Each structure stands twice: as C-alpha cells, then as structure tokens.
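The feature signal peptide is assigned by Swiss-Prot to 1-18, with sequence analysis given as support. Among the features that Swiss-Prot reports, domain 'VIT' is placed at 56-185, with the record citing sequence analysis. The phosphoserine feature in Swiss-Prot is assigned to Ser60, Ser466, Ser886. The N-linked glycosylation site annotation in Swiss-Prot covers Asn118, Asn263, Asn445. Feature annotation from Swiss-Prot assigns 4-carboxyglutamate to Glu282, Glu283. Per Swiss-Prot, domain 'VWFA' is recorded for 308-468. Under the heading aspartate 1-(chondroitin 4-sulfate)-ester, Swiss-Prot lists Asp702.
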Amino acid sequence: MQRPVCLLIWLFLLEAQAFEIPINGNSEFAEYSDLVELAPDKLPFVQENGRHQRSLPEESGEETDTVDPVTLYSYKVQSTITSRVATTTIQSKLVNNSPLPQSVVFDVQIPKGAFISNFTMTVNGMTFTSSIKEKTVGRALYSQARAKGKTAGWVRSRTLDMENFNTEVNIPPGAKVQFELHYQEVKWRKLGSYEHKIHLQPGKLAKHLEVNVWIIEPQGMRFLHVPDTFEGHFQGVPVISKGQQKAHVSFKPTVAQQRKCPNCTETAVNGELVVMYDVNREEKAGELEVFNGYFVHFFAPENLDPIPKNILFVIDVSGSMWGIKMKQTVEAMKTILDDLRTDDQFSVVDFNHNVRTWRNDLVSATKTQIADAKRYIEKIQPSGGTNINEALLRAIFILNEASNMGLLNPDSVSLIILVSDGDPTVGELKLSKIQKNVKQSIQDNISLFSLGIGFDVDYDFLKRLSNENRGIAQRIYGNQDTSSQLKKFYNQVSTPLLRNVQFNYPQASVTDVTQNNFHNYFGGSEIVVAGKFDPSKLTEVQSIITATSANTELVLETLSQMDDLEEFLSKDKHADPDFTKKLWAYLTINQLLAERSLAPTAAIKRKITKTILQMSLDHHIVTPLTAMVIENDAGDERMLADSPPQDHSCCSGALYYGTKVASGPIPSWANPSPTPMSAMLAVGAKPLESTPPTHLNQVENDPHFIIYLPKSKRNICFNIDSEPGKILSLVSDPESGIVVNGQLIGAKRAENGKLSTYFGKLGFYFQKEGMKIEISTETITLSSGSSTSRLSWSDTAHLGNSRVLISVKKEKSVTLTLNKELFFSVLLHRVWRKHPVNVDFLGIYAPPIDKFSPRVHGLLGQFMQEPAIHIFNERPGKEPGKPEASMEVKGHKLTVTRGLQKDYRTDIVFGTDVPCWFVHNSGKGFIDGHYKDYFVPQLYSFLKRP
C-alpha cells in the first residue's frame, strides 16, 4: 500500500538554476557594517560559496571562518486583512560583503491555497518584474531562454500545508539584492475564529526585522489574540492595538532580541506569527457588503440549537495503519465518541480487506453504547489490505436503510466520516468506479467527509469523492499530532445548525453569483457567497436566505446600500478597496477548478478551463493554468514561477463545497396573509421619538387597550395600572391550546409619584403545536421540544413550520400566523437610549375573530365574543373636547369619556389617532371581574378562572 519513500522525496525536490548577475556598481545599502559578523543559517538565504578563508603560515595548517559572506539587511512582512481578504507582502534585502560571488536562495513559505499575484527582484540595480501567462506560453518562453543560452531559472512550489516559493540568484561581490513577493488569500472561519499565519524564517539575524498586520473589519471585532508560538522567547514583543473595527499587530524584535541566547549568532525567529480574531454578528441574515460593483455575503448565524446527527465512522484498519497512525486514531475516536450528544445516532465501520461493523444499525449515543464502542475500537489490530469501496457502500447502506424504515429523525443530518491512509488494494481498485458506485448509492441527505492520513493516499480522489457528495476532504499528517488533527476536524462538523441553506439574490441586475446552495451549516464556521451587480441599475442589493434549523423552516432577509462602505474604507489607508473583487475572483476560480475536475464531458471541461484561464490573466494571479514569467527589462534574464500540481478541491481551508441554483423570491409559505388593519384588538402605549425630542408631551404610559367591537363598530379603551414583573393574561383558550401573556416592566424612575409600566416581554404558547414563542425588546425565541431558535430585532426573517409562521420585520414588528388564519402582531417601540425615564417596550395587536373556542378568555380574549353595549346620554365632559357618555355593558352602567388613542401599525413613531370611548378604573365593569384576576404565575400559563 505504501509507495517508496525515495519517490515521495523526489516529488518535492525544487529545481533551480542560479542567475549570474554582472557587477554594476557598489552596494548602496547603508548601516550594514555592524552585521558583518553575524553568523548565517542555511535557510532561507543559502550561500553556496558561503565559506571563505584567510591565509595562515603553512605550518599552522589552520582554516577559520572570518565574516558572514551575505548579510540580511532587512526582512519585512506586511499583511492587510479587509473583510477576510488578506494581502501579504514579504520583502528581504541582502548584501554580498564577500570578495567572491555568492549564490543566494530566496525560499519562503506561503499558506496553502494562497494566490501569488506579484514578484519583483532587484539585483545590483537590475530589476526583474513579473507577468502572468498561460502556462504553456510561460513554459515556452522559459524554454526559448534556455535554448538561446540565456540565463533562466525555475521556481516551483511544493504541495505541503505551507507551500514554498523558491528562487536562486548569483550575486557579485559588493552587490545587493532585494526580493519582494505578494500573495493573497481568504480567511476562513474555523471553530469560532479566523487565523492569520505568517511563516517567519529569515535564517539569520536581520538589521531590520519588522512584521505588521492591519485588520479592517466593518462588522467590528469581537476579540483579537496573538498566541505565543515562539516558546516565550518574544514575550512582550508583539504590540497589539485594537479599535472597534480596526486592529494593528506589530512584531519588531531588535537584533539582541532575535538572538537565541545573549551570545548566540543564531536567530530565534523561526516559526509562525499567528493572529486570531473574530467579528461581531448582530444579524442572523449575515453581513452583506457591497462595493465597486461586487458584493460579498458572510453568513455565520449563532444562538441556534444543534441539529441531531446520524454519523457513521468508517475507519481504515489495514496493515499500513499499524503503529502511531492507529494509536493516534484510536485516541482521537475515544474523545470524539465522548463528544456525541444524547440525541445523536452513530455506528462504526472498520475495514481492511474485510468490512466489519460494530453495530449493523445506528444506535443512540448513550453512555453505555459509547463505552461499548470505545472498547471495540481499542481492540482493533491493523492488518491486511484496503477495501474502500465495500466499506463506503456498507456505511451508505446502513444510513439508507434507517432512512427508508423511518428510523431517523426527519430534522436530523446524516454524515459519513472516512479515515484512510492509502489507496484501495482489495475489491474494486479503479478509483473512478468507486466514485461512481458511491454517487449512485448515496442518498441526497448524506454528506461524505474524507480524511486522508499521510501521503500514500490519493488525496485528489478523496477530494472528488467528498465534493461530489456534499462534503470535503482534508489531509491529516501521520505523526504524533494525528489525534489532535482528527479531533479538530471532527469539532468543525460536530455541530450542524442548519440544513439546506440557499442564498437568493432576486434582482435581475445581480449576476455571476458564486455557489449559493449548501447542504449544511456547522457552528463556528462561516459560509461566504459573492457576486456582481450593475451599480448603474441598483442602489442596494437584496438577499433572501432559506434554511432549515433544528425545529423550523427559516427565511432571512437583508438589504445593503451601495455606499455603506465607501466612507468607511476611504478613512483607512490600509483598507483594500478591491476586497470585494478579490474575494469574488478567489471563490469563483477555486469553485471552477473543483467543477473542472468533476466535469462529465471534455467539452464542458474545455469551457471551464477557458473561463479559469481568462480570470487568472485578468486578475493577475498564478493558478494551475497559469505561470508567472519573471524577467528583466531587456528580456535576457528570465525565470518561470510555476504553480503546484492542480488542487481539485474548492477553496483550501473552506468547510463547504456547494452548488449553484437559480435565485428566487421569498417562498410562498413565508408570506402571511394580510392582517385587516381596521379590525384589531390592541395593547400598547405612546412612545417617545427615537431621537432626543425638542420638547416632551405628557402621555399615558401604562398599557392601554383598544378593543374594536365590529358589530357596534366602536372602539372601547381602558388602561391597566399595575406593577413591574406582573404577568397579565391576554388570551387564554385551553380548548384551542392557545396562550398569550404579557410581562410588565417599569420605567427607569417614577414621575409625579407614579412609576409607569410597559409590556417588556410577551409569551405565546401554541399547545397543540408544542411551540412556545417569547418576544422581548431584545430577542425573539422559538422553542419546540428541546430545540430553540433565536432571532434578534436586527433581523428581517421568517421562521416556522406548516402550522406556525413567525415573520420579523427589522426593528419594527413580529407577525405570528397560526394555521394561516389566526394572526398576532407585536410592535417594537424604541425610545431614546439616554432618556431619563422611558424604556423600550412592546405593543400587541390581535384580530377579533371567531377562530377561538367559546372558553377563550383573558384581557383580550374575552372580547373575541363581542359583548352587547349601549352608549347614550352623550354630554360635555370635565375637560374641553372630551365629552362624556353613559355605557351599558355586561349589566353595568359606566361613565365613559371620548378621547384619542394611538395605533402604531402604520406609523411606529407617531402613531395614528384612533377615537374611542375610554373606560376608567382599569376597565372596571367592561372587563370581567378585577384586573388582578388576570395575573398568571408564568409566561406560558393558562388563566385559571374562578
């Protein structure tokens, strides 16, 4: 199963031919004389003639090193991250202070998946610049240079976690050389944070060593952390400054600080500088950033309950897994099994030339079952060959059978995680046939993730296998760290929060959208979608996201203005104004490369190839189809920078490989029927303006009720004068299983000896649907069984199921629809945050319809069955413009006053005046009993009637 090690090493060897650069004047570098005695390392600036001698008397026979032949004058790295798009420049300057020519290698490591965009080199005054060519054209230019006897170099990078960019030049005595490499990448969110790594390996002490990382995130930064990756040697050297939306990390060790020890001539700068951060997320619909004709959509919702998962672990136990690989895999699996949730189902399939199962069916992740599975795994003894085909088909069969028999939770997700270290040696050996078998057998609701351990496995095959079946592949290095790598990957997929996530951009002027349909969304990660739009036709971009959470269908809407970012970006010189364009190109090219590897016909593959090539040339980046030609102005010195072998997966580091689907409008189920505006029962209070008013009017702040009586076509009003914390029953219908209650909150302080109260929280309980909905001034929470979904008022969203629909209008209202015929509207009233008295509060509107049972009651519910009223003897009141009258209702004769109340459904700030007859003394005589009879103990309690 394993290939010869020598072959593996040979594949990673870097070819190089050194430039012979003629001398062209003396070095112009200043202040490097004090570096002459600094000892060199061998990487990344290796001198082939790095040792020279001084003459001694023949009898002594001694040879000694004198000075460092090549001095590293400066080593600078600059990274700017604008909305996850990172652009990095690595620059180094060296001086040959030797009397002999010196060969210098520029060898730096860049992140896997990054696109090289530019490389320049200045050698003794001669400048080499780069251009992007189609790969065959670039190689032809390189071959021509060699054929004509001109100097040519070959630069190749190797496919490891960090790829190497390598070139070599031969510089004459006294000459200077400067290298500068530019690359760009996208930061992918993993386990709740973004991680930016800069590999620092100057190889020797540098007169000037400086690293700067600027981060600009319009969403604002939630945290920023620079972990110690140099074993405490540079403690306190990184300087961090963080604002709300911007941050700067600098790393500038002095020459003394760079030394491994006080008298050492070796540098301690050899490793990775890591910056970790995350951004704020206020909206579940994500952050839609629009700029310069492109948009990017970042989607990472939180506060959602995990979706139960059905998971099959398929583990290679062939002979090649013997030793550290198997030991580390067992340790990882024991931890992973412990992390399963009680509502998960699982089983284990292990295979060599035979296929075995711990359980033939999925079982619940109870403590007993987990303990038994761990004992089974601990007893595994690797041996034999590798039958990947049958192992995968067995796992698929178990999941398919459970689904067909109705044994799976319909709201769950199904995952297969394959762990293998080699190609098949038993059973079906043809990789394309295995790929076809899996594709034909697997159901659309199953995602396949592949983990390839070491380099013996055909990683390209695993990528195609997973990408085609709604998953991804990842390489795991077979060493002492294998266990933590396996656990880290599992943690990334262990918490599915959404299924069937689709991004829709319904406007006709939105084009070239990247993959917008994803099978799952996992907690701690982020989905990114990008596209183009025509600025001359659109002033804003609309998005509609549909998805399924643990207990409900979900629709999220957002709208972004074109000029939202322009002013923000213009104020920061480090912000990249092309970040939207770069991110769109990065996603598009990577997704096209993955599609190209799966293309079913040669014609489709040629079409995709043409698109990738043109985009690579347009955006000046090195991809598997292009090469970078590096030459001087005269064209008589030339190198070729080639890309690594083609990576058939999408977006290195990304957790998702999706598909493209046509965008559509809001689903029909998420469009509630219009609520009659005239026939509503209302509870609310008059708000203050959202901004500081120039003058304040005296208003009634206690909850006021407006009861519309359709038969008599009259509005009757009353107030409830109670205390904060009390919960009032608004609607209680035990027969229909419907509860609506409201909890009172108080003002910040009393005025004129009276503390005003408001509704700060509303509870809706639909008993037959098993659904509870809590609406506060901060969040909207939907609970169904053990699952909970939360939205904030900053979202525009729809969520629900076949019977209950919740529609949230950003910072305005929530509409609840039951069985498409019963409606409740909740309005949010925001007040000026610094107001000394008032607070945010809620108003509720309910239609007086006959959809409730005769037993319905509550302060609103009792009027669903209209009482007979008779208003007569209208007369002047005690206050001008407020006449009084007598009202007979429910056997009582009351004195009522004509006045105006506010309906805020059409005007949330000022409201619409509604004329009504006001009943005094907290509605006494108009409501049944006393208002204190309507107190209930809990937010979802039914009203107990005497």
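For all residues, glycine too, the Cβ spot is worked out from N, Cα and C.
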Q | Rounded Cα-Cα span from Ser466 (phosphoserine) to Asn445 (N-linked glycosylation site), Å | A | 14
Q: Which residue among the modified residues Glu282, Glu283 has the fewest other Cβ atoms within 10 Å of its Cβ, if you could check?
A: Glu282
Q.
Can you tell me how many other Cβ atoms are located within 10 Å of the Cβ belonging to Asn263 (N-linked glycosylation site)?
A. 6
(Q) Cα-Cα, whole number of Å: Glu282 (4-carboxyglutamate) versus Ser466 (phosphoserine)? (A) 33
Q. Counting every protein chain present, what is the number of Cβ atoms, excluding its own, within 10 Å of the Cβ of Asn445 (N-linked glycosylation site)?
A. 18
Q) Which one of the recorded positions (Asn118, Ser466, Ser886) has its C-beta surrounded by the most other C-beta atoms within 10 angstroms? A) Ser466
Q) Along the domain 'VWFA' (308-468), what average pLDDT does this model show? A) 95
Q: In whole Å, note down how far the CA of Ser886 (phosphoserine) lies from the CA of Asn118 (N-linked glycosylation site).
A: 87
Q.
Measuring Cα to Cα, how many Å separate Ser886 (phosphoserine) from Asn263 (N-linked glycosylation site)?
A. 102
Q.
What whole-number Å value do you get for the CA-CA distance of Glu283 (4-carboxyglutamate) and Ser466 (phosphoserine)?
A. 31
Q. According to DSSP, which kind of secondary structure is Ser466 (phosphoserine) found in, if we only use helix, strand and coil?
A. helix
Q. Where Ser466 (phosphoserine) and Asn263 (N-linked glycosylation site) are concerned, what is their Cα separation in Å, rounded?
A. 53
